[in-house]
Each structure stands twice: as structure tokens, then as C-alpha cells.
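Engineer: Handing you this structure, nothing more for now.
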Amino acid sequence: MTSVILVLFSFLSACRGKLYSNVTELPGLTYDFIVVGGGTAGNVVANRLTENPDFSVIVLEAGGPNVGVLDSEVPGLDLGLFTTPGLPYTWNFVTTPQVAANNRVMLYQRGHLLGGTSSINGMWYTRGSQDDFDRFANVTGDPGWSWSAIQPYFRKNEKWTEPADHHNTSNQYDPAVHSTTGINSVSLPGYQWPMFPRVIETTVEMPEEFPFVLDYNAGRPLGVGWAQNTIGHGARSSSAVSYLAAQYLDRPNLHVLVNAQVSRALPRNTSGGDVHFNQVEFSQDMTQLFVVNALKEIIISAGTIGTPQILLNSGVGNKTTLTSNGIAVLVDLPSVGQNLSEQPLVPNSWFVNTTQTFESYSQNSTQLSEDLSLWNRTRQGPLVSTVVGGHMAWLRLDTNSTIFEQHPDPAAGINTPHIELQIASGIGLETAIPAGGGNFISFQAAVVSSASRGSISLNTTDPGPFSFPMIDLGLLTNDYDLFAMRIAVKKAVKFLSANAWKGFVIRPIDDLAQALTSDDALDAYIRATVVGADHPVGSAAMSAENATWGVVDPDLLLKNATGIRIIDASAMPFVPSGHTQAPTYAVAERGADLIKQKWM
């Protein structure tokens, strides 16, 4: 590779903020702050730092722009973003063979465009439980990560928005829990599938096992409630749509360079044992390298997969592993890439006696064209909502479950769910339509408080800074997760036994029907169908300042070095008991404040 080091000092305040596609267009390559990754967290940090006109910020995003990517903009087209290989706006990662899941290699998509995975995800807005954040505070020794302390950051992010269909939302959420003054739109489902009333009827019929919860984002999510999604006026509200909206991107002190993949951070010097990072190396063609300079800090927000890879390539990680990969050791931090937590997910589908499910358009190109035309004209119709469902059930295992005789409870506390059921009006994720077609409902069962751990490591068979890392999700490697998933599937079956579903649900699809004949058959089905829920965290975890493990301190600063702060989901020491988008936004909002507190 050819290395081109451009150190261009410029008066950035004289330039207008802009989205750049080529490094040669930049007015300079020296900024106060470098944000590596224009994803869920990175765009938050860039936005908040450039509120101060004296700070200059550049965002380096490996992917392209988000504008014009229809599959991202239209909520009802989100399913293909995670299940279709070879898309230009996804990374197209694959996992290592998952030893507890029949050694299957799995497609593992992350966002490869502005907005990162917030531009391709299912748009779920779930904060987790109060226990989750109180555990963050306990493990880091910083009360600033507690549930009560983090609430202003959730509210700073959220802009509660009326659903696209303007339906009466009484008794579907608690307004006191939400903010209408933030940046990122959040709303209730904007299209009403006919199965929705049956879900609520089930909570009335089975209140002990499936109680109704008015708002699962109030800190005690247990129960069945209406879904909340990052959708505004019928369109996806990603971090790019919200935090890089025109009025922010127009700031003269904010520059965003797309198609710029970072390979590593570089130190100012390594003499005297003190390592200070102040440069970032990147490329736009995987050949020619450029270097951008940070006068204050480098913020790595490349996500749970990308962040540890960049650290390892920078010489930050386990010294033995780095040496064996021919990388000079700058900072010995064995926790880099370890402690990865992911939630196992199993889709479960049933035939139903209706034609009003999302198969009405996913299996009918004429109907899809009509629905897309309606969406373009009015932001109405079935495409205004995510395909994965209108309700979510957050449930706990029985306290006397035999599994707790062998394993400690991985949940953060008694207000924290062990499992989740995403209740959807259509066939399950990554499930093939059976021969002969049909219409379906599905329950995506996830173990949200998982015990298994995986890792991110450098690719030894295809070495190089731009090669995909080795992604081991560790799915089901802890027996607890298999046990909990078995319970989750049985909970879905129990839910559908309510009178509300009689005459509506016909039967489970064949694979699930066979699985329900015995626990052994169910375990085999789980191992054959489990995937990651696409909620990885923990690969650059924060810990207490004096802890012997961890990658960053409670202020998200890289341990045993200076100049780098990590702000993304990789810094969470445990996976929250929900989807990770909203917690990542909150971490980023607080992270930006921590930076301001140091430099303002």
C-alpha cells in the first residue's frame, strides 16, 4: 500500500459543513475531533460536539450516503436488509461456525452507510430495564450510568411523534415516559393489522402469565405492550436522518467523509511508555492510505464489530495475540474483542386464516408496487411500519426454574426480562415460505438476558487491516440460553392457546410442529434455526478505573493510553434486556457530554 500523509492545517470555521465523497475535496486533514464511524453513536457525537462553533469535527464513514436508499427509508422494506447478502449498504459479514448451532456459518449484517445499523435495523425503540443501567453503574463505579442518571439522555435523543395513521393512542403508551423535544423520531405502529386486537385480548384473558404493560420503556418492561419504533411520519428515523439533518450538516465546523474506511489509530510517539493517539489512518480504495490529525480526541464509534478490529490493528489488545499477528504491541489490553454479548433469536411461524398479513405485499409484486406508490404519495399504508410486529412481550423465567440450580441468573434484576417475544403479522425472520404459500403470524423468540459470550478477533487466514474480522457470536454456548429459548418458544405456544386466536391461527409450520413433540426435538429445532438478534455489545467494554478487565474507563476513555475515547455499543459491559438502538443513543449522548466537560 502507498501511504500518503496529508497534514493540512486550515481555518475550518471559514468553510461550510458538507458531506464529502473524496478526500481531495476536504479543506484540510486536521480537526479538533475525529469521529470514526458515522453510525448510530458516531453521528450523535458529531452533532453534539459541533454545537460548539469552536470545535471542528470530521466524521469518517466507511459506507456511502443514506439518502436515496429506498430499502432503508421505507420501514416496511426493512426485512431484506438483514437477510439479503451482497447489498452495497450492508457489511455482509459472516460469523465463524457456531459450534452450539450445528456449526452453521451465518450472515451477520451491519449497516455500511451513513447511520450505520440505525439505517438498516428493525427500528425498535426499547430502553431496557432500570436494572440494566443500575448494573452498568455498579460495575463501573460511576452512578452517572444509573437508570435515573441516564434518563435525561434518553429524552435528549427522543422526539415522540404521532403515528402515521393518526390513530387514537390512548392506553398504548405513557406520555410521561417520553420526550417530544429531542432529535430522533419515535412512534407507535402507523398501520393496524387485524391481529393487533387479539394480542390485547390475550392479555385480558391471561393476565397472570401475559400482563399488559402500558409502556415498556418506563424501566419495568415486564408484560405485553405496544411496539415503539424509530419512525417519523411513516419513514425511518436513523441517526443520519436525525442527527445529520440538513440544519446540522450545514454547520461550518462539521465535515463528513463517506467511503472512508479506517484501518487504525496512530500514536504521536511511543517513547517513555506513554502512548498518546492523535492520528487516524484510512483509505477510500483499500490501497492509498491517508492520515487525519486530531488536536483533542479520537472518538471510535465503529460499532461492536469494527471498534475492536481497529483497536487490534492499532496495537491495542492482548499482547500475545498481537505479536502472533505481526502487530507491534502499543497497549496490552486483553479484553479487546472479548466479552461479546449477543441475544440468540429463533423465529416461529404459524399459518393463519386471513390474507391480511405482510405476505399480501411481500409475495405479490403488484400489491407491493401499489403499496409503495401509496407510501410515496401519502406516507400511509402497510409500509409505514416495520414488518417485525406491533407488540412485544417481555417475560421472566420462573424463579424456581431448575436451570438456576446450575447457572446464576444472568438478568440484571427482578424488573428485567429473560426472554422476549416479537409478535409479527407475517412469517418469521429468515424463514422460507412453505410450498403452496399462505399467510402467517410469527413470534420471534429472543433470550434478551443471555449468558453466552463470543469474541471479535483478527482474521488470520486473510490478514490485513481491511479484511473482515473473525466474528464468533458464541450462540447457545452456555446451556442457560438453550433452556431459556426452550421456555420462550413454549411461551409463544401458550400465548396462542388463548380464545382470542381460535379460528384465526390454523397450525404451526411443519418444522415448528415437529419441534413441539418433545424437548429433544425442540432443542434440535432451536439449534437448527437460531440466529443472532443483531444486538452485539461488549467487545470494548467499560469497567471501573481500577478493574483488571475492560477496555475503557467509566468516562469511555481507552485504558492505559490517551487520545482515544470509545462511544458505541461495544462499550456496554452487558447486553441490555431489549434491543440496543435506544441504549446506544443514550450512551452516545452521555459520551458527548463527557467530552464537552473535558474540553469546554
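Residue numbering: from 1, along the chain as shown.
Note: Cβ is positioned from N, Cα and C throughout, glycine not excepted.
Curation does not apply to TrEMBL; its annotations are automatic.
Keep in mind it's a predicted model, so treat the numbers as computed, not measured.
Pulled the feature table from TrEMBL, pasting it below:
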{"type": "SIGNAL", "residues": "1-17", "note": "signal peptide"}
{"type": "BINDING", "residues": "THR117, VAL262", "note": "FAD binding site"}
{"type": "DOMAIN", "residues": "303-317", "note": "domain 'Glucose-methanol-choline oxidoreductase N-terminal'"}
{"type": "ACT_SITE", "residues": "HIS535", "note": "active site, proton donor"}
{"type": "ACT_SITE", "residues": "HIS579", "note": "active site, proton acceptor"}
Engineer: Under 8 Å between C-beta atoms and at least six residues away from its ends: which parts of the chain pack against the domain 'Glucose-methanol-choline oxidoreductase N-terminal' (303-317)?
Structural biologist: 36-37, 39-41, 62, 91, 93, 108, 110, 116-117, 262-266, 277, 325, 327-334, 336-337, 340, 456-458, 465, 469, 471, 536-540, 551, 558, 561, 566, 568-570
Engineer: In the structure shown, with every protein chain counted, which of the binding-site residues THR117, VAL262 has the densest set of Cβ atoms within 10 angstroms of its Cβ?
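Structural biologist: Within the set of binding-site residues, the most crowded position is THR117.
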Engineer: On average, what pLDDT score does this prediction assign to the domain 'Glucose-methanol-choline oxidoreductase N-terminal' (303-317)?
Structural biologist: 99
Engineer: Per DSSP, what is the helix/strand/coil residue tally across the domain 'Glucose-methanol-choline oxidoreductase N-terminal' (303-317)?
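Structural biologist: So the domain 'Glucose-methanol-choline oxidoreductase N-terminal' (303-317) is made up of 11 helix, 2 strand, 2 coil.
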Engineer: Would you count the other CB atoms within 10 A of the CB of HIS579 (active site, proton acceptor), including those on all shown protein chains?
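Structural biologist: There are 27 of them.
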Engineer: Determine, from DSSP, whether HIS579 (active site, proton acceptor) sits in helix, strand or coil.
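Structural biologist: Reduced to three states, the DSSP call for HIS579 (active site, proton acceptor) is coil.
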Engineer: Per DSSP, THR117 (FAD binding site) is which: helix, strand or coil?
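Structural biologist: For THR117 (FAD binding site) - judged by DSSP and reduced to three states - the answer is helix.
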Engineer: Can you grab the distance from THR117 (FAD binding site) over to the residue listed as 'active site, proton acceptor'? Cα atoms, rounded to a whole Å.
Structural biologist: 12
Engineer: May I ask you to report the DSSP-based helix, strand or coil state of the residue listed as 'active site, proton donor'?
Structural biologist: coil
Engineer: Hey, what's the Cβ neighbour count for HIS535 (active site, proton donor) at 10 Å?
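Structural biologist: HIS535 (active site, proton donor) is surrounded by 26 other Cβ atoms within 10 Å.
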